[in-house]
Amino acid sequence: MELVFIRHGFSEWNAKNLFTGWRDVNLTERGIEEAKSAGKKLLEAGFEFDIAFTSVLTRAIKTCNIVLEESNQLWIPQVKNWRLNERHYGALQGLDKKATAEQYGDEQVHIWRRSYDISPPDLDPQDPHSAHNDRRYAHLPSDVVPDAENLKITLERVLPFWEDQIAPALLAGKRVLVTAHGNSLRALAKHIEGISDADIMDLEIPTGQPLVYKLDDNLKVVEKYYL
């Protein structure tokens, strides 16, 4: 069975070198072109999907739509879910990465960004940009909405969606596209590939490039490659 991951195309805050997380920013022209290229590659390689999963953030949704349009599959069902959102970067969201390193030191920022189980400082729930004040999360219990996450917590958030939605779709024989974010996809990759806590820190997923998994009947990875 086939599973394809695509990290959203290059975003406005990727271009500005800002911590993004759950902040909702748009694609750049480069990001749009990356998504178009991904869709064309999938079309040329003969990939057909039965269902697509994405987050509730604009950059991932738009990437999904563009990829499906370019591959002539915009009509297939799409499921949007908050569990596929990017890792929440807490109080770092909206800050310049270079300036943050100058303020707190390279080592501290590296720990916040790359350690598996250490989170950055929480974002104040009363902050106007907090997810607690965003109506797309109004249906969630307050204690479920994060104020900051590390990759371990991100995996704990993403995994129920894998088990409840993505894995059952694959086991039912559906061909699945997941268009999401660097860290939510890294979390899924860690789970399905069995990557260790230490090794996952070295895994990078580039923007806008289809990552193909061939899986056996037990959802074990048989083959993995980029188009």
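Cβ atoms here come from the backbone N, Cα and C positions, even for glycine.
For reference, Swiss-Prot has these:
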- 7-14, 20-21, Arg59, 86-89, Lys97, 113-114, 182-183: substrate binding site (BINDING)
- His8: active site, tele-phosphohistidine intermediate (ACT_SITE)
- Glu86: active site, proton donor/acceptor (ACT_SITE)
- His181: site 'Transition state stabilizer' (SITE)
(message) Using the alpha carbons only, what distance in Å do you get between Gly21 (substrate binding site) and Glu86 (active site, proton donor/acceptor) once rounded?
(response) 5
(request) Please report the number of other Cβ atoms within 10 Å of the Cβ of Lys97 (substrate binding site). (result) 15
(request) Would you count the other CB atoms within 10 A of the CB of His8 (active site, tele-phosphohistidine intermediate), including those on all shown protein chains? (result) 31
(request) Taking the Cβ of Phe10 (substrate binding site) as the centre, count every other Cβ atom within 10 Å, in any protein chain shown. (result) 22
(request) Round to a whole number and give the Cα-to-Cα distance in Å for the pair His8 (active site, tele-phosphohistidine intermediate) and His181 (site 'Transition state stabilizer'). (result) 6
(message) I'd like to confirm something. Which of the binding-site residues, Arg7, Phe10, Trp13, Lys97, Gly182, has a Cα closest to the Cα of the residue listed as 'active site, proton donor/acceptor'?
(response) Gly182
(message) Please report the distance from the Cα of Arg87 (substrate binding site) to the Cα of His181 (site 'Transition state stabilizer'), rounded to the nearest angstrom.
(response) 8
(request) Report, in whole Å, the straight Cα-to-Cα distance of His181 (site 'Transition state stabilizer') from Trp13 (substrate binding site). (result) 13
(request) Compare the Cα of His181 (site 'Transition state stabilizer') against each of the binding-site residues Arg7, Phe10, Lys97 and report the nearest. (result) Arg7
